[in-house]
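Only one structure is covered here, and it is reproduced in the block below.
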Amino acid sequence: MHPLWAFLLGLSLTNGLSANCPGRCSCDSMQSVQCYRLMELPSGIPSTTKRLYISHSRIQHLQLSNFTGLLALEDFILLASGTESIENDTFKTLSTLKTLELWKNKLRQVPSALPANLEVLKLNDNAICALRGSEFEGLKNLKVLELKNNLISSLSPSMLSPLASLQSLMVDGNNIESVVGPLSLPHLKYMSMENNQLHLIPGNVFTSLQNLQFLSFSGNFLTKIPINLPKSLLSLKMERNQLKVVRFRDMKHLENLSHLYLSENFLSSIDGAQQLTNLTTLEVSQNQLQMLPPRLPSRLQKLDCSSNFIQRVTAPEFQDLRDLKHLFLDNNVVSLFEAGALQRCSQLSNLALEQNLLLSIPLRLPKTLARLDLKGNAIQDMAERELRDLKQLQVLNLRNNRISALDFKALEGLPRLRHLYLDGNPWNCTCSLLRAREVLKAKGTDVKGGQCAAPAERQGESWMSSKKILRQCEHHLQQSEKSKETKKKPKPEDSSSIRLNMDDDDDDYEID
């Protein structure tokens, strides 16, 4: 076809489509209609429409006649439109409807007589008080049910029993005080009941949930982890509850569990986690731990113990954690960090030690570290021996410490350093500090901070960018360069010692 004819044909189709599109709506060739700020559901929606999206309108009531002729409709989304009521059987004749989303409205109950082919039902942010099994009758294909942020007070088997194919259930942010079991949902994989009023979970709730993989009870009032959890579980979230103890012996059958979240509870100790042999993530931040958990699972990759009261870091807690990649110990009271405590963690890339009581950078850290956060300690020095093996380090955060000088040799030993954070330290801006600046500029490191606290005539200047300091120290830098060149110049009568010295220099850059 000639390009001109193709253009004219496309133009005519577009004009025809726009002509059939209701006001305040946009229609596209993908059979999708989007409407905004309506007072009622518009008439004249194309009969071929598969997706109808209406948002931020004032549609108080939906009725059967609104959908007459929309026999191809697959997705209907009504968002933030003030809808309070829906006529009985409004959606019943929409046999092709697969997704129904009625978010942020004022519905008090689940719409009745929903179409049998429905797969996704989302009624979040309404005013639904109760669920009745009759509302879900015939929904054998429903896979996703979301009822977040409503006013539901309880869950029972009779409410959900018609949903034989349900795979995901989310009822976060309700007023649920009780759950009655067993919930007969054999295909359920994901269940979230966050931010409710639960104090106790009966042991029989999970009897028929043998395919459940992800479970969250975060933000409730539970004092213990529910018993008889399904063996299929991969992830368990119990943050923001009232746990004081975790009985791992009641969880040892969870051989597939890989993620356990216990942050923001009242745990004073964690012991026995090694029984969860496949655990890769353990988060216990914002508890009352005074020591690191002993005997952790050997496959652990992430351990978050931030915001506790941990004082010491020693080698025994980490001797079997060869797969550990991320360790968070920030906001504790760590004052003792045993040299080489993490040497067995041969894959550790991220170590967070901000806001502790460290006086120096820990010695013999893993060579694999890419990020090291030491903000807000009492570190006074940055020595070459503390950093010499960290050839992979890319980010070093030393904000808000007591460092006044930098060893430029320590910086030379960090070939991959890309980001260095130095603000909040009392820098003594002598000319020798500019050697460190030259090293950092040569490697292209992004440096944040570095304001001089001394001497008095340089207070407030930045030793990384101040031209004034550079001019004052120009002679010192030239002398340093000449001294360096003199040391490098070989003596003909002692070539063997030169080679030896060069090898020694190379050793400074190698990883043992």
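If you go along the chain as it appears here, the first residue is 1 and each next one adds 1.
Glycine residues also receive a Cβ, built from the backbone N, Cα and C atoms like all the rest.
Positions annotated as signal peptide by Swiss-Prot, on the basis of sequence analysis: 1-19.
Residues annotated as repeat 'LRR 1' in Swiss-Prot: 45-69. Same-chain neighbours of the repeat 'LRR 1' (45-69): 17, 20-22, 25, 27, 30-39, 75-87, 89-91, 93-94, counting only residues six or more beyond its ends whose CB sits under 8 Å from a CB of the stretch.
Over all protein chains present, the Cβ of ASN66 (N-linked glycosylation site) has 17 other Cβ atoms lying within 10 Å. Feature annotation from Swiss-Prot assigns N-linked glycosylation site to ASN66; the stated evidence is sequence analysis.
Swiss-Prot lists 71-93 with the feature repeat 'LRR 2'. Beyond the repeat 'LRR 2' (71-93), the same-chain residues lying 6 or more positions past its ends with a Cβ under 8 Å from any Cβ of the stretch are 31, 38, 47-64, 99-108, 111-115.
Annotation source Swiss-Prot lists repeat 'LRR 3' at 94-117, citing sequence analysis. The residues of the repeat 'LRR 3' (94-117), classed with DSSP into helix (H, G, I), strand (E, B) and coil, number 0 helix, 3 strand, 21 coil.
Marked as repeat 'LRR 4' by Swiss-Prot on the basis of sequence analysis: 119-138. Counting residues 6+ beyond its ends, the repeat 'LRR 4' (119-138) has Cβ neighbours under 8 Å at 98-112, 144-155, 158-163 in the same chain.
Summarising the annotation, Swiss-Prot assigns repeat 'LRR 7' to 186-208. With a threshold of 8 Å between CB atoms, the same-chain residues lying at least 6 positions outside the repeat 'LRR 7' (186-208) that come near it are 155, 164-180, 214-223, 226-230, 237.
As annotated by Swiss-Prot, repeat 'LRR 8' applies to 210-232. Counting residues 6+ beyond its ends, the repeat 'LRR 8' (210-232) has Cβ neighbours under 8 Å at 172, 186-201, 203-204, 238-247, 250-251, 253-256, 261 in the same chain.
Counting residues per DSSP class in helix, strand and coil order gives 3 helix, 3 strand, 14 coil for the repeat 'LRR 9' (234-253). The repeat 'LRR 9' annotation in Swiss-Prot covers 234-253 and rests on sequence analysis.
Sequence annotations record features per position, and here Swiss-Prot assigns repeat 'LRR 10' to 254-276. Counting residues of the repeat 'LRR 10' (254-276) by DSSP class, helix then strand then coil, yields 3 helix, 3 strand, 17 coil.
Annotation source Swiss-Prot lists repeat 'LRR 13' at 321-344, citing sequence analysis. Averaged over the repeat 'LRR 13' (321-344), the predicted model reaches a pLDDT of 98.
What Swiss-Prot lists as repeat 'LRR 15' is 373-389, and the listing cites sequence analysis. According to DSSP, the secondary structure content of the repeat 'LRR 15' (373-389) in residues is 4 helix, 1 strand, 12 coil.
According to Swiss-Prot, the feature repeat 'LRR 16' maps to 390-413. DSSP places the residues of the repeat 'LRR 16' (390-413) in helix, strand and coil in these numbers: 5 helix, 3 strand, 16 coil.
What Swiss-Prot records for 415-442 is repeat 'LRR 17', and it gives sequence analysis as the kind of evidence. Beyond the ends of the repeat 'LRR 17' (415-442), by six or more residues, the same chain brings 375, 391-408, 448-455, 458, 461, 463-464, 469-470, 472-473, 476-477, 480, 509 to within a C-beta distance below 8 angstroms of the stretch.
Annotation source Swiss-Prot lists region 'Disordered' at 474-512.
What Swiss-Prot records for 503-512 is compositional bias 'Acidic residues'.
Through the fold, the repeat 'LRR 3' (94-117) approaches residues 67, 70-86, 88, 123-132, 134-136, 138-141 of its own chain, all at least 6 residues removed from its boundaries and within a Cβ separation under 8 Å. Shown for the repeat 'LRR 7' (186-208): DSSP residue counts in helix, strand and coil, namely 0 helix, 3 strand, 20 coil.
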